[in-house]
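Structure first, then comments.
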């Protein structure tokens, strides 16, 4: 049988740094108010780079690190809720920029679960035997979706991109995965609505910026994500002691605190970087993974078991246990 493995990781964030104190100068908030509720101290905000620009930086790094030629890449998946445009896809722009002429490319929209969903799909593509090498990138410029007069959401989000190179392997590396969607709760977190605009249609007011029921999302993350992770471990015969690190979507430090207690895994196994990047949606997990590899916490030698778990709009949530 053919399986997939993560062979390279990379990330990139815009240079411009916006601190909580910077935000306090343009809205009614403070560093103490933001940090005590979220664990976020600063975030990177793009000045002139689009989502595709961030993703291209990651793709270039992955190619350089791997030594592969661009025409060896079979597919590119970009997980994003903030594409440059509805058409063409962000992934198509990445494919063109790196001259991956043999690759097919598409975007995936699953909000903050996007990277996990995309990685699960990419694993199946390689397992089919039809493809050998693929890129999975999470990239966001959420700053363009934020209402900068709404302190409840404006303080949360940042821009960035991270990604992995997947290669075919004789050994199984994606050990377990449950993916979930509950569209009945979709109104808890919305952004980028469009309205009918033809002369034959009745239009309605569309909500363009991020709107969130914070309490509902907080409760969802604690309840549903924790339950999913516990079920995942039970069904896969992988115990909490087998997990080396937990890389969860970087939405809120208090969410990580509560999930750690719920699943009874030591808090120190939960890596975090939301204090420096904020919530970067589909980019948060691959950025965290790339930084952990840079720091030597994750070795990419196939000896560690890592829990990846995303959750967000849709509502969507999903987890993978990956040998890496």
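Note that Cβ sites are derived from N, Cα and C of the backbone, with glycine treated the same way.
Remember, it's a predicted structure, so these values are computed and weren't measured experimentally.
Residue ranges 250-254, 255-259, 260-264, 265-269 are listed, and Swiss-Prot annotates 250-254 among them as region 'ACP-binding'. For the pair residue 249 (active site) and residue 279 (active site), the Cα-Cα distance reads 8 Å. Here residue 112 (active site) comes close to 249, 251, 279, 281, 282, 284, 310, 311, 312, 313, 316: these same-chain residues lie at least six apart in sequence, with C-beta atoms under 8 angstroms from its C-beta. In this model, the region 'ACP-binding' (250-254) carries an average pLDDT of 97.
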